[in-house]
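The domain 'Neurotransmitter-gated ion-channel ligand-binding' annotation in TrEMBL covers 9-190. The domain 'Neurotransmitter-gated ion-channel transmembrane' annotation in TrEMBL covers 203-296. The transmembrane segment annotation in TrEMBL covers 192-216, 222-244, 256-279.
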Amino acid sequence: MPRNLTSLDPFQVGIELFLMSIDEINELRQTMAIMAFLEIAWTDHFLVWEPLEYSYLSSINVKVKDIWTPDIVLESKLDKQTDLIDEDGNAIISSDGRVIIWPYGRYTLSCKIFIGQFPFDKQTCDFDFLSWTNPSPKLALRSASTEIIQTYYNENGEWTLKRGHVKCELRPFGDYPEDHVIFTFDLQRKSLLVVMNIMLSIILISFLNTFCFILPSDGGERITFCISLFLTLAVFMTIVNGSLPESSDEVSKFGVYFGLQLIGCGLTTIATVVSLYYYHESNNTPVRSSVQLFVMAMCVSKGYRIHPHNAHNKVNANKNDGHTKIVSIASIDDSGASIASIDDSGKRD
């Protein structure tokens, strides 16, 4: 390993990240993949020469396997954990001992994805680089930039890179601390496609549910309309289910809303069937006493709310031979007059 000839400071290695594209963010596997190349540079004082002595040769290209290279790895990398510098690659060495390597590839690592706010969610993923065997007293990783270099970046169709910043940290590990260079990606999902193709369709179908109770009951249009809406929403939910992010740890609020709308559509269909059943029931069928009491109680309650100062008629009950005798149950119309009265025999006045 090279060393500083003029001081006992740690050997300095610089690392920069040039982002090419964001390939994939997998919510189910909790991973993020990017295409990028790194610029890894250091100064090796054993590789210095005088250009005048070599026909003004100021730089050369050599195989990486022929020189010393730092063992830099990407933490939380999913595939085989090896050094980022490929031994079959090339390095450029300047006459002053400056060595530069540009490893290029697809980097995939684990990243915690939170989908609760889908499709307006924001994600943060860290790419953490460190030296695998050289602690901080021997090797110091540094980055001259404070932002991820996006000169060659191609926009992703699903995600927007809001910010990419760089920070250097010293973290304890065993007896010696280690230097970490962390590239942080702040991402936001592009929600326009989901809003236009999915959300608006669900809201429109849910709005049409209210018309189930407006259509006339004589024909079969009401029940046909309700069942058609329910089947449409169920089929639509099956189609768009592939567009919703999958996660075993969290359910998006939009997915919960979608499920509640399907339940509401089903309840609307059930209510329509029940109302049509009672509408087409024979007029000679007596109304159940429980239904009578419920309707009369609702009428009395409404009368008290509309005309509390005119509510002179009340439900009076007298005990006669151990039984309660209903004298009158009255509701009040807009003029404040009693419109209904039922005596103890159940006859209407």
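Glycine too: its Cβ is placed from the backbone N, Cα and C atoms.
Predicted automatically and left uncurated, TrEMBL annotations should be read as such.
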Secondary structure composition of the domain 'Neurotransmitter-gated ion-channel transmembrane' (203-296) [DSSP: H/G/I, E/B, coil]: 66 helix, 0 strand, 28 coil
The domain 'Neurotransmitter-gated ion-channel ligand-binding' (9-190) [mean pLDDT, rounded to integer]: 91
